[in-house]
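According to TrEMBL, the features are:
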type: COMPBIAS; residues: 461-480; note: compositional bias 'Basic and acidic residues'
type: COMPBIAS; residues: 492-502; note: compositional bias 'Acidic residues'
type: DISULFID; residues: Cys48-Cys51; note: disulfide bond
type: DISULFID; residues: Cys383-Cys386; note: disulfide bond
type: DOMAIN; residues: 1-141; note: domain 'Thioredoxin'
type: DOMAIN; residues: 333-463; note: domain 'Thioredoxin'
type: REGION; residues: 460-502; note: region 'Disordered'
type: SIGNAL; residues: 1-18; note: signal peptide
Amino acid sequence: MRGFAKCVALGLIGAAVASDVHQLTKDTFASFVEENDLVLAEFFAPWCGHCKALAPEYETAATTLKEKNIALAKIDCTEESELCQEYGVEGYPTLKVFRGPENISPFTGQRKSDAIISYMTKQGLPSVSTLDKETIEGFKTSDKVVLVAYFAADDKASNETFAEVANGLRDNYLFGATNDAELAKAEGVKQPSIVLYKTFDEGKDSYTEAFTKENIEDFIKVAAVPLVGEVGPETYGGYMAAGIPLAYIFAETPEEREELAKEFKPLATKHKGAINFATIDAKAFGQHAANLNLEVGKFPAFAIQKTDKNEKYPYEQAGKLAIKDIGKFVDDFVAGKVEPSIKSEPIPEKQEGPVTIVVAKNYATEVIDNDKDVLIEFYAPWCGHCKALAPKYEELAALYSSSELSKLVTVAKVDATLNDVPDEIQGFPTIKLYAAGKKDSPIEYSGSRTVEDLAAFIKDNGSHHAEAGEPETVELRDESEMPEQAPAATEVADETVDHDEL
Ligand SMILES: *[C@@H]1O[C@H](CO)[C@@H](O)[C@H](O)[C@H]1NC(C)=O
Ligand SMILES: *[C@@H]1O[C@H](CO)[C@@H](O)[C@H](O)[C@H]1NC(C)=O
């Protein structure tokens with residue numbers, strides 16, 4: 001027992017001296033978020049690489065934010081599994097903002113110290129700061145992107161609309177407002193207007209149209225993004241959520257990327273608001289080229305992705321990027337004249353086993369355009385959980401192989417690493433049921449991966465409510481038929497998603 005006591009004591013001393021991050025346990029957590037008005041909590045595991053990378057950034061942020069009465073805490077989920085479960089932690093690290101124990105929101109900023117400081121500082125401010133001639137200049141340059149609304153003191157409608165927009169986007173940008181007519185005049189805008197100040201490109205953008213929430217949000221979406229940005233773990237999510245296609249410029253060196261960013265600027269300006277353009281480090285993220293149906297290793301390269309449908313439009317890889325030709329390609333893309341490239345294995349000549357093999361080219365007929373309840377597994381050859389499921393899945397499929405049941409139920413699988421599927425797949429295996437007559441709203445299976453539970457799921461949630469047939473003896477597929485391991489870089493997720501892999 002003495003040894004134990006010593007460890008704890010040393011731990012406490014260490015924490016007090018070296019760190020401004022509070023390590024919490026299930027005994028201290030509740031009172032901590034009660035006593036501190038604003039807390040950022042990191043749920044982590046000691047073995048997680050992204051957590052290790054975050055640690056020094058988190059420390060730096062904690063020290064700065066301490067002065068603003070914002071507390072940073074961490075919870076080791078390997079020791080506090082109950083606490084982590086209670087807060088729905090599914091991957092590491094998970095960061096959450098607590099304003100008291102009830103008001104919790106996900107941290108959606110980047111995981112760098114300055115980004116954490118900027119994000120949490122915004123959390124501590126009112127969503128719109130009221131500005132005057134003393135404060136406005138400093139405010140304009142206080143973050144990468146800052147918005148200031150200029151409206152009249154009696155213009156309640158504009159005030160309210162702007163406040164609504166700010167409430168929704170306060171995690172991302174700083175919002176200020178002033179009703180001083182002199183300040184509007186000095187800025188050269190009429191009331192009501194909004195000016196977005198930024199540290200890149202033209203430096204600012206003005207919005208002078210009617211004050212509606214939707215139009216203002218659309219304006220911000222376009223104006224706040226650099227003309228030619230950079231895709232990386234920190235920005236990828238934002239680009240995917242932007243709702244417009246993303247054009248990738250792959251290049252291996254920073255010099256080359258900078259050069260290309262300059263060359264692409266006119267093109268990006270021309271398509272501003274319709275397509276986002278960004279460079280990507282082909283040395284670090286070259287494997288991502290494969291996801292866009294580009295050949296990995298042949299850089300520089302260019303491709304457009306329709307992010308909402310995951311359609312890819314790779315540009316022919318000819319060794320260099322001729323801007324003029326690419327301009328034409330992009331115009332054709334916008335005009336709908338370019339066909340998406342679809343990666344697919346060949347359609348199997350014959351379905352041999354009880355599990356129907358789906359590939360991109362027969363996806364529509366096998367999964368969507370029929371009157372069957374289709375259960376489909378999206379798998380990756382390298383995924384251990386998928387391999388463990390395989391024999392049970394065969395067994396399940398065999399239960400529906402009679403001539404009657406096979407008219408009602410298909411049990412299928414698709415190698416999602418070799419086939420472009422329209423579904424957004426977060427991890428492997430993903431199992432979904434496309435019930436007859438409801439193909440536009442598939443149900444994802446989240447139960448245990450047993451034959452009985454899967455059969456109950458098909459019966460309960462399928463339109464035909466088909467009861468599984470008698471088990472037959474099935475010949476199991478030989479494991480060695482599995483394709484070889486995919487390169488590790490494409491291991492997007494296997495059960496626990498480490499959040500920001502590309
Ligand atoms: C907007 O309305 C709020 C609430 O009435 C008020 O406190 C604030 O000063 C107004 N903003 C400006 C810039 O007039
Ligand atoms: C049917 O689907 C719902 C929604 O996903 C799920 O909660 C339920 O457990 C499913 N039924 C069975 C028997 O699995």
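Glycine too: its Cβ is placed from the backbone N, Cα and C atoms.
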Which residue, of the disulfide-bonded residues Cys48, Cys51, Cys383, Cys386, has its CB surrounded by the fewest other CB atoms within 10 A?
Cys48
Restricting to the domain 'Thioredoxin' (333-463), report the mean pLDDT as a whole number.
94
Spatial separation of Cys48 (disulfide bond) from Cys386 (disulfide bond) - C-alpha basis, Å:
22
Pairwise CA distance, Cys48 (disulfide bond) versus Cys383 (disulfide bond), rounded so that it is a whole Å:
19
Summary of DSSP states over the domain 'Thioredoxin' (1-141), given as helix, strand and coil counts:
65 helix, 27 strand, 49 coil
Separation of alpha carbons, Cys383 (disulfide bond) and Cys51 (disulfide bond) (Å):
23
By the DSSP assignment reduced to helix, strand and coil, which category contains Cys383 (disulfide bond)?
coil
Going by DSSP, how much of the domain 'Thioredoxin' (333-463) is helix, how much is strand and how much is coil, in residues?
40 helix, 25 strand, 66 coil
